[in-house]
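Feature annotations, reproduced from Swiss-Prot:
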type: REPEAT; residues: 39-60; note: repeat 'LRR 1'
type: REPEAT; residues: 62-84; note: repeat 'LRR 2'
type: REPEAT; residues: 85-106; note: repeat 'LRR 3'
type: REPEAT; residues: 108-129; note: repeat 'LRR 4'
type: REPEAT; residues: 131-152; note: repeat 'LRR 5'
type: REPEAT; residues: 153-175; note: repeat 'LRR 6'
type: REPEAT; residues: 176-196; note: repeat 'LRR 7'
type: REPEAT; residues: 201-221; note: repeat 'LRR 8'
Amino acid sequence: MGNSALKAHIETAQKTGVFQLTDKGLTEFPEDLQRLSGNLRTIDLSSNKIEVVPPMMGKFSLLKSLSLNNNRISRLPDELCKLKKLETLHLNGNQISQLPADFVQLLALKTLNLSGNRLKTLPAQLFKLRNLDVVDLSKNRIQAIPDEVSGLQAIELNLNQNQISQISVNISHCPRLKVLRLEENCLELSMLPPSILSDSQISLLAVEGNLFEIKKLRDLEGYDKYMEKFTATRKKFA
């Protein structure tokens with residue numbers, strides 16, 4: 001991409017607070033972008049060939065939305081965790097295997113998409129983020145839902161297409177979780193805690209494509225109670 005075209009994008013972003021440069025074959029963050037660290041509210045560099053998120057990202061103090069989908073990123077810098085106003089973070093289609101310890105500092109974060117990465121565990125940092133609403137961790141390599149999950153504040157959790165064979169009963173204690181997607185995992189029916197159906201807030205449980213027939217779900221204790229929640233939710237949005 002030519003310098004003049006990049007300059008034009010940066011000039012526009014200076015006025016709008018939005019920098020969008022997708023599918024341009026970029027291999028690194030545009031260095032001139034740091035001139036706008038006090039301006040930008042949105043950055044979208046999706047569908048490029050970026051491998052490294054530079055530490056300068058931590059200087060974008062007003063940033064609310066960051067999209068780096070479909071790049072070649074394998075790790076996130078600690079400095080990213082300084083983005084106190086960040087509400088939306090899209091990182092699907094990268095090579096990320098873990099999150100920085102300081103990820104817990106992203107206290108404004110509401111939406112996180114890490115679909116199609118290399119996570120093997122459910123990141124514990126997510127259980128400390130009080131404003132998190134939607135989490136997409138589908139298409140990773142996660143094998144279990146741990147006991148600590150009860151700290152998760154999300155309303156929707158997508159774990160489709162992982163390798164999950166174990167679920168902690170504590171998933172039932174997530175205070176706001178209404179939508180749980182577990183399609184195409186490695187679950188036996190016996191590994192599904194009945195309390196997910198009877199004692200949780202969950203009104204949509206998607207478990208198609210596991211190691212049991214979906215109609216067997218009806219045999220679980222608490223299924224009728226779950227169906228009441230499911231039907232009530234459907235009526236609300238009808």
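Every residue gets a Cβ built from N, Cα and C, even glycine.
Because the structure is a prediction, the values reported are computed rather than measured.
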Cβ contacts under 8 Å made by the repeat 'LRR 1' (39-60) with residues that lie 6+ beyond its boundaries: 13-14, 17-29, 33, 66-83, 90
Residue numbers, six or more beyond the limits of the repeat 'LRR 4' (108-129), whose CB comes under 8 Å of its CB atoms: 64, 69, 84-101, 135-146, 148-154, 158-159
Across the repeat 'LRR 4' (108-129), what are the DSSP residue counts per state (helix, strand, coil)? 5 helix, 3 strand, 14 coil
The DSSP breakdown of the repeat 'LRR 1' (39-60) into helix, strand and coil residues is 5 helix, 3 strand, 14 coil
Work out, from DSSP, the number of helix, strand and coil residues along the repeat 'LRR 7' (176-196). 5 helix, 3 strand, 13 coil
